[in-house]
Amino acid sequence: MKASSEIGSAAHSAPVFSSSSGTLGRHLARRLVQIGVRDVFSVPGDFNLTLLDHLIAEPELNLVGCCNELNAGYAADGYARAKGVGACVVTFTVGGLSVLNAIAGAYSENLPVICIVGGPNSNDYGTNRILHHTIGLPDFSQELRCFQTITCAQAIVNNLDDAHELIDTAISTALKESKPVYISIGCNLPGIPHPTFAREPVPFFLAPKVSNQLGLEAAVEATAEFLNKAVKPVIIGGPKLRVAKAQQAFAELADACGYPVAVMPSSKGLVAEHHPHFIGTYWGAVSSSFCGEIVESADAYMFVGPIFNDYSSVGYSLLIKKEKSVIVQPNRVTIGNGPSFGWVFMTDFLTALAKKLKRNTTAMENYRRIYVPPGIALKRDNEELLRVNILFKHIQEMLSGNTAVIAETGDSWFNCQKLCLPENCGYEFQMQYGSIGWSVGATLGYAQAAKDKRVIACIGDGSFQVTAQDISTMIRCGQNCIIFLINNGGYTIEVEIHDGPYNVIKNWDYTGLVDAIHNGQGKCWTSKVKTEDELVKAIATSTGEHKESLCFIEVFVHKDDTSKELLEWGSRVSAANSRPPNPQ
C-alpha cells in the first residue's frame, strides 16, 4: 500500500513542536493525513460531535457527511481500494452496529479501514449508569465485542494517558495487516490538551517485512524445479495480490516466463489485461472463452494470492489438482502435495523466481491455436427492448485509462467480468463478501479518492434499493459518476440460484427518485432507456453535454435477460447449497 510505505520516509517535513500540548483530536486528524487519508466519511451523533469539530479543523482533511452509517462504511471501503486506506466516523452503538456490515466486508476483502466511533464520556465507564444509544444495560462493551471478530485491532480510548499509544498501535496494525480496525474515543476527550500529543505528531515508521532468506531460496529453488519440468505451465493471479502489494512483481514474472496469464474473478483489475500473454478470467465452468480449457489442461499451474471459496470455485467444481499446483500466498509458498515454506513474502518470491524460470510459451501457443474471437450480438429488431449484451457492448466502448468500473453483486459480476479493461482502467467488485447494495457507497468512496477517473457503476435495481440514499452525497460532492441502473424487476442472481416470489421487488421510478434527491441543487442528469438507440443517445449526452454531472441512466431489460455465465454459475452454486447432510 502506497500510504503505509511512505510513513516515516524522508519526504515528510520535520515535525513542528509547540510548548503548548496538542490534543487527541488534532493528533488523530494529523495521523489520518499522514497515512494518506484526505476524506473521512461520517454520520454525526452526539457522542462524536466534538471529535468531528477537530477533524474539520484539519485543513488537509475533508469531512464527507453520509446519509447512513452503512454507506459511510461502504464509502470508506471504496476509498481504501483507490487510495490504500480509508476512514469513517460514527457514533456509539447505534452508529457502530449500523456500520458493522460494511466493516465486515472490508475485512473479507483485506482493506485497511479506520473505523472511529465517538464513545461515552470517560467518567461513565465502570459506573452503573445506563446510557442512551445502548440496549439499556450498564455494560458498554457490546459494540466492542461485535467489532472484535471483524477487525484486526481494537482500541477503547477513555484515558488520555495511554490514548497516543492506543491510537497509533491501532492505525499501524491496520496498515500492517491490511484489515480494518476499531477505535472508540470518549466524547469528552478530543479537545483536552495532554503532554503526550506533540503539536505535530512525529511520523511513525512501519518496518518492512523481510523474508526468511533461507526459506526464500528454498522456495524459489523448489518452485523453479517444479515449473521448469512442466510442458505447458500457466500462472493465475488472485485477489491477495493487492494485500501483498505484488502486482508489479507479478507483471515482471509474467514478462519473464512466457506462460499464459489468467486472473481469478475477484482479482480482475489487479493484472494488466493489455499484457500480450493475458488470456482472461479463470472461473471454472464460467471462465472466459478458451481460458478455462488452457488452465485446466495445464500440467502445472501457479496460483498467486488465490481465494478458493464456493463462489470463485463455482460450487466447488474447479478441475484443479493439488499435485499440479503451486499456491503462493502473501507470506507462504506451497508446492503440490509436498513442501510448504513460511515467512516467504510474495513480492520477494516472485522477483526471485522470475530469474530462475525457463521461458516456456507452449501453453500460450496452444491458446492462440484454439482461440476464436468473440461473436457479435444478434442484430436487434426495431424498437426491441434493450438486451443486456448490447448494453455492455456500449459500456465496453466507454472504457479508457481515465475510467473505473464498479460492479455490483449480481449479474453485473458476470457481465463486467467480460469487459476488456484498457491500461490503467480501474475495476472493483466485492466478491468474497457479496453484500448487495455495496456499490452505491463504494462508488461514492472510490470517486472521492480517484478524482482523475470517471467512475462507471453497474447496479441492479434490487441492490440499489438497499443503499440508494447516498446518491445525494455524490451530488453534494460534485462527483460525475455514470450509474447504469439495470431495471429487471428483482434479484436476478437469487432467481438463478433458487427462485421464489421473494425475488420480485416493488418497482420504483428510479430516475424520479434521483431527480427528487437532486432537487435542483448540484449537477445531475437522468434518463430512462428502453432501446439501443435511446442508450446511444444517453451515453453521448453523459459523455458530452453532461460530462461534469452525475449521470443516472435507468436501463429497462427483460427479467429473464441474464448472462449465460450466471445461468451456469447459479445452477452449480444451487447444487452446492442444496447438498444433503452427510450420513451420521
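Glycine is no exception: its Cβ is also placed from the backbone N, Cα and C atoms.
What TrEMBL says about this one:
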- Asp461, Asn488, Gly490: Mg(2+) binding site (BINDING)
- 23-128: domain 'Thiamine pyrophosphate enzyme N-terminal TPP-binding' (DOMAIN)
- 220-337: domain 'Thiamine pyrophosphate enzyme central' (DOMAIN)
- 431-554: domain 'Thiamine pyrophosphate enzyme TPP-binding' (DOMAIN)
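Neighbours of the Mg(2+) site: apart from Asp461, Asn488, Gly490, residues of the same chain with C-beta atoms within 8 angstroms of the site's C-beta centroid are Gly460, Gly462, Ile486, Asn487, Gly489, Tyr491, Thr492, Ile505, Lys559.
In this view, Gly490 (Mg(2+) binding site) is surrounded by 20 other Cβ atoms within 10 Å of its Cβ, with every protein chain counted. With helix defined as DSSP H, G or I and strand as E or B, the domain 'Thiamine pyrophosphate enzyme central' (220-337) counts 38 helix, 26 strand, 54 coil. Within 10 Å of the C-beta of Asn488 (Mg(2+) binding site) there are 22 other C-beta atoms, taking all protein chains into account. Per DSSP, the domain 'Thiamine pyrophosphate enzyme N-terminal TPP-binding' (23-128) is made up of 51 helix, 22 strand, 33 coil.
Counting residues of the domain 'Thiamine pyrophosphate enzyme TPP-binding' (431-554) by DSSP class, helix then strand then coil, yields 58 helix, 26 strand, 40 coil.
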